[in-house]
Amino acid sequence: MSSKDADLGEKLSAPPDFNGPTSKRHMTDILCTVLLWCMWIAMTGLGLYAMQQGDYRLILYPLDYDGNLCGTNKGQVDMTDYPYLYYVNDFSGGVCVSECPKLENLTDVKTLVTYSGLYQVDGSYITSDDIAIADYSYNNDTLACTETLCYPNGDPEESFTSYGVNMGKGFSYYAMDTYELMWRCVFTDEARDAVDAIVNPNDQNNLTSVIDTMATQNEQIKQGYSIWNNLYGDLWVARYYILGLGFGAPLVVGFVYSLFLRIPLVLPFMVWFSVAATIAIVFGGAYYAGELAAEWENADPPMYTDDNIKVAQYGSYALYAFGGLLVIVFLFMRKRIQLAMGCVKEASKAILRLPLIIVFPVIQALGFAAFMTIWTVYCAYLASMGEFKTQQIDTVPGLFISVRYFEFSDFIKQCGWFMLFCFFWSGQFIIAIGEIIFAMSISKWYFARDKKKVGSGAVISSIWTSIWYHTGTAAFGSLIIAIFQMIRAVIAYLQKKADEMDSSLAKAILCCLQCVVLCFEKIFKFINKNAYIQTAIFGSSFCKSAKEAYCLIMRNAARIIAITYVSGGVVFVGKMFITTLTTGAAYFVLDNELRDELYSNIGPLFFIALSAWFISGMFMGVFDMGIATILQCFVADEEMYGDSQSMYAEGSLKNWVNDHGKSSEKRGCMD
């Protein structure tokens, strides 16, 4: 034996009583099981603490000028019956109203300014001395508002309220028709056009509240909220859609897709149809985003901010680039995809005998959905534990605008990172325990003398055995991947900071680090998958299984690596198809149902796409894990029994592996 062969260890030898996956097992990697439970307990404790100290309504409902939360009883005044925020003008806070004003007659403003000098809409009011803003009563547009629109029933009278709000002095927005957007009252296009026709064109340069600032209305109503608050708020508002579209839709699509892949005659059509449909969906989304950006940019008056327009434009460019990249990737992978169909057909033989194994990804997805529901609730409450700060912004000489913003303490920020790590570890754990169950089920089918007698009972027993004995091994492997993902998240955060600093050197270094960490993550995912197969067969711990799997693969590298490489083609196509189809459908649903309630649909769409990718990976992972398990079982079988009649492999399987492994670099898996 050469030194190189010695480094790869001795070939496997069959135990005297070997009859398939060992029945004599013990609990493996118990410490990692304890750590996983400790993490879940800590997450639960943190979540319950956040639910006691926070209030998710802070990230959903707006605040009025005096710190009262519209639509709730949180504050000095009970605003339960006043869920919407109406802005008095650009230079003062808004007030809570029961419904947004809908006025057809611009001179009918008696509900806006009363004889008592108080601003009033549907019973909600501003007290006489709580708003301090600049004196703009000398402006022509202010006088026009005061004399013509804001006080139509007689001569103006002096009022003791502050300028900009009172009846006799200052100005407020012209009375205009509004609609509800994110619990705020926003002016309609028709109302803005009507005011445009009334105002003297000579005074256009002096308009400080109505005309020139209308384009920034949406931006103003978002001031005071951090991006994380908006994100968690959107996730909370769209939580049922995320569950339905992010979990329900990919479950249905993935289940149906997996059923079709089991049918040999349908397999080629499904694969190539998925390739074409994926490309079409991406380019269709790119075209739609571009048209949407052009429509927003040419809107008169502009009702969308420059940031919204840029997001749509850049999203269109990104989708076009992604679509072009997909075309290139699929062109280079076309032979690999064709060859991979043979691999999937071999795995389908096992899956046909284990029909329940197709249902298990549904159980996985339900577990992931349950975790995501709890995690999202905890995060929403955690995001509401910041403090509102007030900052004075000097917009023009002598005029200061008070802007509220949300500030998090270092403790809350650290808790946010911890919650992100909980998400990574828990998600990877659910995938890992599923891979062990798949591997154990398929290995029971492989190491059966009469494979026709193996049925769904093998899947049920594998579920029990894997959860009872090998939870720690799944936790160990998933912890490694979660650490790499956490490092990548930190690097991504630093990359954002480097972009803000415009440091080319820092951006280059961080980009290289991101690539290196991603490569290590991919390597360990491959190691983990094969370690789980060893654990499923022999019941060993993670480290021992990883070592044995590595040595076994390297001793049979030509066949295993080549076949594993090409088998990824169909798996990748399936995951892309399920994810793009689900995300594309989710966009139109959110746009139609929640357009006026979300700050942005990017956050919900991201989590829908992420969950769809997870779930599609679970379904396609059945075939991927089936191929990997069959290959590893075969080479283990071959090492233990040689080429004798004692091997468990059937003749067709033996010929298939040998044929497609000898000329691996050129051929791969073929029918």
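Each residue, glycine too, has its Cβ placed from N, Cα and C.
Automatic, uncurated: that is what TrEMBL annotation is.
Copied from TrEMBL, the annotated features are:
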{"type": "REGION", "residues": "1-20", "note": "region 'Disordered'"}
{"type": "COMPBIAS", "residues": "1-10", "note": "compositional bias 'Basic and acidic residues'"}
{"type": "TRANSMEM", "residues": "30-51", "note": "transmembrane segment"}
{"type": "TRANSMEM", "residues": "240-260", "note": "transmembrane segment"}
{"type": "TRANSMEM", "residues": "267-289", "note": "transmembrane segment"}
{"type": "TRANSMEM", "residues": "314-333", "note": "transmembrane segment"}
{"type": "TRANSMEM", "residues": "354-378", "note": "transmembrane segment"}
{"type": "TRANSMEM", "residues": "417-442", "note": "transmembrane segment"}
{"type": "TRANSMEM", "residues": "562-590", "note": "transmembrane segment"}
{"type": "TRANSMEM", "residues": "602-623", "note": "transmembrane segment"}
Close approaches to the transmembrane segment (354-378) from elsewhere in its chain (Cβ under 8 angstroms; 6 or more beyond its ends): 43, 46-47, 50-51, 56, 235-236, 239, 242-243, 246-247, 250-251, 254-255, 258-259, 262, 419, 422-423, 426-427, 430-431, 434, 437-438, 441-442, 445, 454-456, 458-460, 463, 607, 611, 614-615, 618-619, 621-622
Recorded stretch that, among 30-51, 240-260, 314-333, 417-442, 602-623, has the most CB pairs under 8 Å to the transmembrane segment (267-289): 314-333
Long-range neighbours of the transmembrane segment (314-333), counting only residues six or more past its ends (CB under 8 A): 275, 278-279, 282-283, 285-287, 289-290, 293, 569, 572, 576
Folded-back contacts onto the transmembrane segment (240-260), same chain, C-beta under 8 angstroms, at least six residues removed: 266-267, 270, 274, 358, 361-362, 365-366, 368-369, 372-373, 376, 574, 577-579, 581-582, 585-586, 589-590, 593-594, 604, 607-608, 610-612, 615-616, 618-620, 622-623
